[in-house]
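**Student:** Below is a structure I'd like to ask you about.
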Amino acid sequence: MSYIRLLFLAILVNTSTPLLLNCGVILTVPQALAQNLDTSKVEAERIFKQGEQQLNNGQPQAALKSLQQALLIYQQLKERLAEGHTQRSIGNAYYLLKDYPQAIAHQQQALIIGREIKNPDLEARALLNLGLANAAQGNTAKAIDYYQQTLKIVQGASYSNDSKNQRHELELKALSGLANIYVFIKNYPKAFEYLEKSLVIVRNIQNKRGELEAIFSLGQVHLAAGNNSQAIRFFQQALAIAKDIKDPQLETAVSQVLSNVQLQNNPRKLEADRLFDQGMQQFQTSQFPAASKSWEQALLIYREIKDRVDEVNTLINLGYTYSNLGNFSKAIQLLEPTLAIAREINDRNGESKILRNLGTAYLEKGDYLKAIDYSQQSLNLARETKDREGEGQSLGNLGLAYTKISDYPKAISYHQQSLAIAQEVNNLQGVVTSLTNLGNVYLDQGAYKQAIELQQQGLAIVQDPVTKGKILGNLGNVYFFLGEYQKAVKYHEQSLKLAREINNLKGQGQSLGNLAAAYLYLGYDRKAIDYQKQSLAIAKQIEDSQSQGNALANLGDIYTKLGDYAQAINYHQQHLVIAQTIKDRKGESVALGNLGLVYSYQGNYPKAIDYSQQSLAITQEIKDSQSTSNLLNNLGFYFYKQGNLKLAESTLIEGMKVRESLRAKLQDSEKISIFDTQLNTYRALQQVLIAQNKTDVALEIAERGRARAFVELLSSRISSNPNQQLPSPPKIAEIKQIAKTQNATLVQYSIVYDDFNIAGKIEFKESELYIWVIQPTGELTFRKVDLKPLWQKEKINLVELVYRSRETINVRSPSIEIVHTPNQAATTNQLKKLHQLLLQPIADLLPEKESDKVIFIPQSSLFLVPFPALQDENGKYLIEKHTILTSPSIQVLDLTRQQRKRLGATKLIASFQKQDAVVVGNPTMPKVPPKIGEPPQQLLPLPSAEAEAKAIAPILKTQAITGDQATKSAILQLLSQARIIHLATHGLLDDIQGLGSAIALAPSGKDNGLLTAEEIFERVKLNAELVVLSACDTGRGRITGDGIIGLSRSLISAGTPSVIVSLWPVPDAPTAELMTEFYQNLQKSPDKAIALRTAMLATMKQHPEPKNWAAFTLIGEAD
């Protein structure tokens, strides 16, 4: 290990820092004049000082922006001296950014100004910095010339007593620069000459610290020249001065160097260095156990010869190796005492590395609070020592830790800061790491488009093959979560191929494990097992304990899926042993939880509870809230299956509260994503409550478990008080009041699931359908439907029945292609079956008057049910008997009612002006990718939508906007004034495309023409009473615990209380007729629900098939 060479380079870097301007000396003005300074000059001085501060803080990119602003002002003011110093500081910023040509150009400008205004100080400083920049480029002759010119000016200029310190400062820096160059070209006599001149100066001015630095540098040069005995003599003199000035940190540093030099010719030192270098080579070729042995041997020798610095470096490497092998507890045991040594010998660089490595080890071990603590300490130290690369790495580690605790806003912020620093200091590897880390945060949130874009950005610039393999694996993971398993296989195979090419065994094991997961979901069970066993074999070969544990856990999961519970238990037990051996608390909790799950599948609930409680104790200890909530959910279910309903209830409520605490700190989109993973707790709790006949409380939980993010978002948009508390989920009294206020019958559905032993394997299937009916009087009734016969006897479940009913109507479902030719008999059977399940059990509770409203609050796939088309046993459609609306939740109805009140009295169409309605039909279509990563294709035109818009516009007393005129920018300007908005165009609703939901408008310039749900929410304030989305299945979208998200959600959040959407693309002629009829009805009465029902019935007469009239649904307010 070449310690002396590295130390010498560090000294050269430190003495080559550009000379920064002391603002107080150059730009101070008398107080009497300051009050009369021109505002521009004051502003320029402020910005200049800001730039100087940024330079001093190691932020050259930010400094550059500030200084360039100041330069423009000074040039306008013709402040030549200030302009010169600003040019010089800009040159310093470019120097720190390693853009030496630009640095030289700006220093030349400063030099020209200095000579022009005859300011020797500015001239000398510019020359000095030109020397530095040319030296950095390797132009030694030019650098020497500039340094000598600096000396000539400084030594020839006359300085007052007050400014003699400036002269000494410049002279010493020029002499130091000359010495560095002569060392670089190995002209040691010349280097000695200039350093001895420096020594004379610092002794004359009685600068003891400067004397120490000069003597120390002389020792360094003698060392480089091979004069070890002379070097030792100078280092001993430096040590004496350090003691004399009572600087313990400096004393320690010099003492370490002296000790190392004295050891240079020690055969034991040479042997230790050889072993250290051997370990480095072994580590780089994935020979981790061999590397550890080499470093352990080196460590013994370093301790024997009392080489503390190399002892620390070796311990750091050993700790990193143990972490790389998954033995994080051993790494921590090694690194924590090493941290004390590094601090004792004042090894700031070593301390910084240890803090970062401890943060990583605790992160992987699952102790996220300690990970954050150590990462924050490393960040503080990096900022204190102005180590920008270390700062960026520490920020990245904090981002990883906050990702683990699901605090995504903080995680993104830290990774973005890390990325900015990496870009600023031209750290390509840091840029790649930050991009991929950000991508993984977005993957965790289900934002697949952003995740892929960020991973692709990293892949485009990555140079390190190991990191490239990781990025390919990350891309494979994104496609895995998208359900595109073949694409996932493609990326993981590329990652595996690369890992094999560079003999990266750890990377091979990870790729094989990822391939196993993809093949499992593709149905290749045996192939999945084979790949996972190969991954396990590699982990054993390189003695990577954590990877062994992961592979064993994955094998346990595979055998659980296959129903081979004995094998699953065997693998999870092996994982548990490894986790306990290496003290991996996170891994231990996972193994215990998995064992609990498998025993529950065997019906052994006492053992399932025992293992789960052990796992829970660990997750609570390490503050892993997400896992804690999952375990509480599982335990609640196990207690339920045992018949211990009270304990099941209290456990599930505790789990629900933990889950909700996770949501509190998230942004809106993140709340939706995490809520998807939390629905099972609300469903299980409903089961437990119904089993105790607590039907009212079960409704409160059902309501609490849906549309929470939407409710919170909508409430915050309605309120004018930004500090207002978020609304609590409604209690029974509030639910009844909402029904009374709406003057409607509310019907809320909830599908619950249970586990069933089918052919010796546990499967979760639909168990019951819960239905609550709240009448306008406030009367509440609960009914339930047994769903088991549906899949036990008829071999179909409720979800499949919903999709099949859409198919028989001749509608393409979101995820199921049409596989047969629909016919009227099949359509009738499916619609009757849905009616039998969803409506027949509550038929006696629905209103008798056709005009009385029924508001359905569906769940999950029930949002896609064509309620108007459901047929009773007599063949009568539901729309013929009732006026229908839908809502994502009961509480949303209360909020849309507040939206409606905000808009004031209904404006009758008869009194409309042109700006009161916006009607768009068949814009020139934009291009969109069919799927993420595929090239964009233009959407098909909709000529019938244009005809529809032209037919409707006169009714609304406006003109239809079509073709090239219907650009996004043009439409956005009109939306806020309109009372009715009708958009007959494509609605993009499949989030799998990565676009979220969007309305297709005409592209213009750089505008792609897609008005996204996010843009509607952020940029549009609607005052419309109604928005109609026609022409495509605009009522679809990703179905989550938040209801159907997307366009309708964003439009209501933007201010409209009522939205009409279609659940499938309706044929051309019926759509135009239905919409025309609807607006004509709306002219007569402002009740949108009645107007829509009347239009459906009219269209039904001309076009009897449900596909022609049953697609449209009204969400929100009827009035």
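Keep in mind that glycine also has a Cβ here, set from the backbone N, Cα and C atoms.
Curation does not apply to TrEMBL; its annotations are automatic.
From TrEMBL, here are the annotated features:
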- 124-157: repeat 'TPR' (REPEAT)
- 212-245: repeat 'TPR' (REPEAT)
- 312-345: repeat 'TPR' (REPEAT)
- 352-385: repeat 'TPR' (REPEAT)
- 392-425: repeat 'TPR' (REPEAT)
- 432-465: repeat 'TPR' (REPEAT)
- 469-502: repeat 'TPR' (REPEAT)
- 549-582: repeat 'TPR' (REPEAT)
- 589-622: repeat 'TPR' (REPEAT)
- 830-1117: domain 'CHAT' (DOMAIN)
**Student:** What residues in the same chain, six or more past the boundaries of the repeat 'TPR' (469-502), come closer than 8 Å to it by Cβ-Cβ distance?
**Tutor:** 432, 436, 439-440, 443, 446, 448, 451-452, 455-456, 458-459, 462, 508, 510-512, 514-515, 517-519, 521-522, 931-932, 992
**Student:** Give residue numbers and ranges for long-range contacts of the repeat 'TPR' (589-622): same chain, 6 or more residues beyond its ends, CB-CB under 8 A.
**Tutor:** 365-368, 549, 553, 556-557, 560, 565, 568-569, 572-573, 575-576, 579, 628, 630-632, 634-635, 637-639, 641-642, 755, 757, 762
**Student:** Please give the sequence-distant neighbours of the repeat 'TPR' (312-345): residues at least 6 beyond its ends with Cβ less than 8 Å from one of its Cβ atoms.
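**Tutor:** Same-chain contacts beyond the flanks: 1, 252, 256, 276, 279-280, 283, 288-289, 291-292, 295-296, 298-299, 302, 351, 353-355, 357-358, 360-362, 364-365, 506, 542-549, 582-584.
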**Student:** Which residue counts does DSSP give the repeat 'TPR' (312-345) for helix, strand and coil?
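**Tutor:** Reading the DSSP string over the repeat 'TPR' (312-345) gives 30 helix, 0 strand, 4 coil.
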**Student:** DSSP says what for the repeat 'TPR' (352-385): how many helix, strand, coil residues?
**Tutor:** 31 helix, 0 strand, 3 coil
